[in-house]
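The structure follows.
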Amino acid sequence: MNKQHHFQIDSHEAIDTKHHIYIVDTDIDNQKMLANKLEMNNFQISTVTTIIDAFQMIEASSMPDLILLATTKSESLDIQKLILFREKFPQNILPIIVFAAKRHLSKDIVQFFQAGINDYISKPVVVQELFARISTHISMSLQSKRSKEMAIHEYLETIQTQEKINQIREKYEDRHIKVLMVDDQVVSGKTVSGMFANENDIDFYFCNDERKAIKTAERILPHVILQDIEMPHINGLILVCMYKQNKRIRSIPVIILSSRNDNSSKCCSFSAGACDFIVKPPNRHVLLDRIRYHAQKCFHENDSTMSKKSTALNTTPTVRPGKINIDDYRQTKNRHESSIKVLLVDDQAFIGKVVGKFLENEKDIDYFFCQDPLKAIDVALEIKPTVIIQDLTMPEIDGLSMIKAFREVKELKRTPLVMLSSQEKAMVKDDAFTLGANDYIVKPPDRIELIARIRYHSKAYNTILQLDDAYKEVKLQRTELEIRNNFIKKTFGRYLSDNIVSSILDTPEGMALGGEKRKVTILMSDLRGFTTIAENLKPEMVLSILNIYLEIMTEIVLKYDGTIDEIIGDAILVIFGAPIYQEDDAIRAVACALEMQTSMEKVNQKNLEYGYPKLQMGIGINTGEVVVGNIGSDMRSKYGIVGSNVNLTSRIESYTVGNQVFISESTYQECGSRLTVNHSMKVMPKGVNKPINIYDITGIAGEYKLNLPKRKPIRLNPLKHPKDITLSILDGKDTGTETYKGKVLKTAENVMHIQTSVSLNQLTNIKIVLWNCSGEPIDGDIYAKVVACNECQEGTYEVNLTSISQNAEKELQSWSIITL
């Protein structure tokens, strides 16, 4: 009676009274009886009549900690519904205990377990046993949930190694289960051994002397212990208590296997610490199911413990100074010239001495021994072994978890790992190799074979290290080459399209000094009057205006595979046909020019946002032979073009006013009839022997289909009172020092009729200064080009305004003039 009372106190302490249990029972009276007993022990109870009702209740409210499925022998448990339920709520998340009023047939019980129940209990049963089983399964479920959360976290942290670990975790049911049976009757051992004969996942160990049970368990570290109660030297229940007091084996599930079938024996067994009770002779299927079930709990607890230890191991990826003295682990005299370093990790000192004896005369092998597996990673990081030999069964950390821990450390990821174990099972070897082991040797090792394998793996590892050094050198050279190529791409990419840069990098000889004569199409653009405009602006404003302009123009040039040869201030020199020749070079050049002109509206919109003046651009295009190539010295060079056709392109561009694209006769012939020509004219630029035709292009048909905005007809409005001006003649980029007086007679958008005493030639560039009514000059200039001479009225000229300062624009507005 005292024992039973003591058991009740222990069971109350062991059970978390906040757990929620669903009772599924069609017998309302039996349902109420069970509910009352469980509520007396502070369980929260909900009752339903079918497993489907339980499913609906879970969906509607919350998941319980356990389901108690009550049934009678006459009832037929709906296996299919239970299987469907398990698809939604797995065994390790929501445990189900079948509580039968009468015991079912063994084949029916096997079907229950196959359908997904966690345990089976039949009356008569004491309440304490029921509480103990409920407590065990709830504890396992919570542990499983925590392990799952830990596994998910670990997966996110170490996704690469976890792919291998998942292969092992998915094989929980297939893992080798070590079962130790302790029974003084040899016949019982043979009977149980026969039951396991065809079970490939179970390793069976038998001890017929209970006095050696603890020592045997410490050596084997089984996943489940089967044990009798009545033994000659030590009572079985006392032995269970001794297990629970032993740090190394106290977590191992103990199943009592006894011929006793009384409630007192069962109560005392559970009170002592057993997790299950099976009556002799056991049913084979029931015994196997119980063993696998309880072994799974052991696996879960080990995985959780090893995960924590592995995390602790992995939190120190580098050696902690002062923590490890390698001489404490060295077993051979210091051999500084040794190319082979062996680290043995084994909790048994005897094995360390055996291996040391094998290696003592091997002068090229430096041997280290670590008996504490928790220090193994720090020792290995300090020693930098060429091969690690480790045991599979160790007290502090499982050998498979140790492999994982080694492989998660960057510095040890590729160090050869040789498993040294007494187990010869193929599945054990498969798990070891899957996790990253390189070799597997069965204890006791043969000396010659062990040394041969050490040399083989060390040689392979040293070769890998040599290849690493060579690879690092190649990688360094490759990095330097990539830096060079990236510099070229970054530099030339501002002026060349991607495919042209790639072509240059693919043929480095193309970067050599020298040149060749070839036909190209040259595009030159220039902002009208920008040089003088810049003189009246702050430097940062000038750069900002240029950057806005060049950013948009560069993008367009690269779009048409043009090569930007020069950017000098506001002028851009672009080549089509070098370094890569294409048949449609001239066509792309004209299309590029037209898109550049239409994009000036975008440039001026940005300028207005910053309060900058409006700009106009002229573009000249010419096709002809030039010398193209790298110009300069070995120290510094640039890709460029030289020849009279470059100068001619510049002359053609100088004839343009704002928003115009002029092309030469040769470019016109290359493009053919697809061009829209506003008008043509004969000009005599400097450097040519005879007049040439140039064409004012406003559109292109075919593939590109680009057109400039239609030009509005000019309506000149005469001023009631002509306005005074002074003007100077511009020669190239230079402003003439001599000024001349004149008057504005008529005005229109972008156009003026002026009168002056100085003779002006057509296409002459001039600078105009306006005067106000007070007879004072306006602070701000107008740049213009003479486009026509009035033959009827001498000294009268039509000029096109190419650039207007803000002050000048305000003055023109006061004259009611439509301006740019």
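Backbone N, Cα and C atoms are what each Cβ position is placed from, and that goes for glycine too.
Because TrEMBL annotations are produced automatically, they should be read as predictions rather than curated entries.
Given the structure is predicted, the values throughout are model-derived calculations rather than measurements.
Pulled from TrEMBL, these are the listed features:
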DOMAIN    20-138  domain 'Response regulatory'
DOMAIN    178-295  domain 'Response regulatory'
MOD_RES   Asp228  4-aspartylphosphate
DOMAIN    341-458  domain 'Response regulatory'
MOD_RES   Asp391  4-aspartylphosphate
DOMAIN    521-653  domain 'Guanylate cyclase'
I want to check the contact list for Asp391 (4-aspartylphosphate): same chain, sequence separation of six or more, C-beta distance under 8 angstroms. What comes out?
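Non-local contacts for Asp391 (4-aspartylphosphate): Val345, Asp346, Asp347, Gln348, Ile351, Gly399, Met419, Leu420, Ser421.
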Hey, does DSSP put Asp391 (4-aspartylphosphate) in a helix, a strand, or just coil?
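The three-state answer is strand.
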With every protein chain in view, how many other Cβ atoms are within 10 Å of the Cβ of Asp228 (4-aspartylphosphate)?
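Excluding its own Cβ, Asp228 (4-aspartylphosphate) sees 20 Cβ atoms within 10 Å.
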For the domain 'Response regulatory' (341-458), how many residues does DSSP put in helix, in strand and in coil?
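Secondary-structure breakdown of the domain 'Response regulatory' (341-458): 56 helix, 25 strand, 37 coil.
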How do the residues of the domain 'Response regulatory' (20-138) split into helix, strand and coil according to DSSP?
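Counts, helix then strand then coil: 55 helix, 25 strand, 39 coil.
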